[in-house]
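One structure below.
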Amino acid sequence: MDWSSVYDNSGEEAGNWEDHGETRSSRNAHRLLHHQASLPLVKQQQTAAQYSPYVAYAFTVNYILGVGSLGIPYAFYRAGLVMGNVMIVLVTLLSYMTVMWVCETVARAREVFVLSFLLDETAALTSFSYSYSSASSTPARSASRRSAAVEFDDFPEVTQLCDRFLGPVGSKMYQVSLLGLMYGGLVGYSQVFVNTFLTQVDHIGDWELSSVHAALVFACIVVPLSCSDLTEQIYVQLTMSVVRFAALLIMIFSAAYAVYGDPYDSGAVLEPTPESAPYLSDYSLVDLSGFGVMFSTGVFSQLFQHSVPGLLAPLGAKNQEKAPAIFGSTLLTTMMFYIALGSVCSLYFGPKLATSVNLNWAEFTWGINESMTLVPLWAKLLSMIVVVFPALDTLSVFPLISVTLGDNMAAVLPKRWTRGGRRSSWKLLCRFGASLPPLVISMFVSDLSVTLQISGLMGIYVAFFAPALLQLQASREISTSNVYSGRFSGVGYVYGVLVFGMMALLVLLYQLVLQIAG
């Protein structure tokens with residue numbers, strides 16, 4: 001999952017969710033559900049801000065592909081080749097279902113708001129016809145509701161949806177899980193930089209460098225950026241997206257080539273010779289002990305449910321019906337990337353696999369010569385792209401996440417703390433507090449797979465439980481289907497995801513405790 005563009009740089013979310021009641025039996029509800037253009041959609045009228053389905057597809061792929069992809073091969077190796085492929089397909093299917101449930105809930109939240117607006121308008125007209133004395137107050141209320149309608153967020157964020165349909169407890173659980181995911185992302189990016197840095201610079205003269213030194217170097221760069229106001233870095237992110245795809249493709253094709261052409265880097269137990277191709281490592285088909293790491297890494301790597309409203313908004317009204325195809329093709333694309341990368345790398349590198357797979361290219365010979373000194377410059381350059389790019393990517397992504405996390409922390413502070421011009425000071429302190437703990441953790445914990453497991457643990461609520469509960473509750477209030485409804489909209493699928501998610505959570509917790517204790 002890529003965190004570079006998941007969140008806007010705002011810690012506060014506003015929405016108008018008052019005065020919602022049972023409305024399915026009203027005449028206005030019937031009109032609304034059949035003519036959903038009753039209220040102008042502010043964001044959809046801003047055609048300059050809209051993008052095509054192809055751009056939406058590209059944006060969504062960029063949202064998903066991130067640090068999680070580096071942990072996929074190790075997860076495949078731990079779970080076994082067959083189990084790894086089955087798990088990533090299953091997680092992809094479940095992710096598609098829950099993404100579409102978020103879409104349906106967004107549509108139902110809009111319907112509830114418009115319906116509330118229409119009912120208030122009707123009540124105002126009725127009150128005006130019976131009492132002239134209330135004429136001065138009723139139009140004012142009507143004008144207020146019109147103003148609220150204009151300011152209404154056409155595509156409310158998932159946090160707002162949880163607040164509306166799941167209540168305070170469900171909303172708080174979602175926020176805590178989301179913050180845990182953000183911290184997990186920060187720790188993961190810190191670990192990637194530290195591990196990559198040490199593969200390139202392990203000593204300066206007689207001074208041997210450690211993870212503490214690498215983390216301090218990283219901190220000197222990202223902490224000042226995290227404490228400052230950043231622009232959207234749109235060109236930087238576009239450049240990084242291109243290099244990200246290039247790095248993934250280099251890894252996939254070079255590892256596939258190495259199976260038949262590189263006897264020097266294989267993880268095979270027996271010493272391979274140029275005549276013994278293919279050079280396959282020992283591997284298992286199914287290893288239940290690797291269920292936890294595979295499931296959590298898969299969830300983290302295919303998780304973007306919290307970004308769905310932001311991806312829907314710029315599509316425009318005419319392209320909303322294409323959302324299922326866009327999100328389905330996006331998840332299918334990333335799934336194919338993961339299957340190719342995980343399968344070929346686990347088969348070739350085997351026990352040599354690093355928890356962050358890019359590190360396997362630090363001494364990659366490309367089958368040219370066993371000695372790295374005789375490997376040509378072009379091969380070393382390709383290897384450097386694979387190894388160094390994730391570290392460079394962290395320099396742009398880490399501050400964006402820290403700023404967002406810090407601003408979210410500042411937004412929930414008691415208002416009395418931020419009065420009298422102290423708001424900016426608290427925001428700066430919160431940003432510093434958001435960026436520091438992951439850096440400290442990366443000094444002592446280098447295993448990316450553990451971070452992905454814990455992040456995936458937090459992601460189960462964000463990816464499965466919250467969307468399923470939203471679909472269940474929202475469909476009870478407004479049972480009529482909408483433009484996003486499809487084959488998996490039924491309640492049976494919702495209960496199935498909840499049961500599977502609970503079972504997976506228990507197994508993941510059990511295996512994670514055993515791993516940490518061992």
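Glycine is treated like the rest: Cβ placed from N, Cα and C.
Copied over from TrEMBL:
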- 56-105: domain 'Amino acid transporter transmembrane' (DOMAIN)
- 160-512: domain 'Amino acid transporter transmembrane' (DOMAIN)
- 1-22: region 'Disordered' (REGION)
- 54-76: transmembrane segment (TRANSMEM)
- 82-103: transmembrane segment (TRANSMEM)
- 173-192: transmembrane segment (TRANSMEM)
- 212-230: transmembrane segment (TRANSMEM)
- 242-260: transmembrane segment (TRANSMEM)
- 280-304: transmembrane segment (TRANSMEM)
- 325-349: transmembrane segment (TRANSMEM)
- 381-405: transmembrane segment (TRANSMEM)
- 426-445: transmembrane segment (TRANSMEM)
- 451-470: transmembrane segment (TRANSMEM)
- 491-513: transmembrane segment (TRANSMEM)
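Taking Cβ pairs closer than 8 Å, the transmembrane segment (212-230) reaches residues 9, 190, 193-194, 197-198, 394-395, 398-400, 402-403, 406, 428, 431-432, 434-436, 439-440, 442-443 in its own chain, all 6 or more past its ends. With a threshold of 8 Å between CB atoms, the same-chain residues lying at least 6 positions outside the transmembrane segment (426-445) that come near it are 11, 183, 186-187, 189-191, 193-194, 211-212, 215, 218-219, 222-223, 226-227, 398-399, 402-403, 405-407, 409-410, 413, 417-418, 451. Within the chain, the transmembrane segment (280-304) has long-range Cβ neighbours (under 8 A, six or more residues past its boundaries) at 1, 6, 60, 63-64, 66, 68-69, 71-72, 74-84, 87-88, 91-92, 95, 99, 181, 184, 259, 266-269, 311, 331, 334-335, 338, 346-352, 449, 452-457, 459-460, 462-464, 504, 507-508, 510-512, 515.
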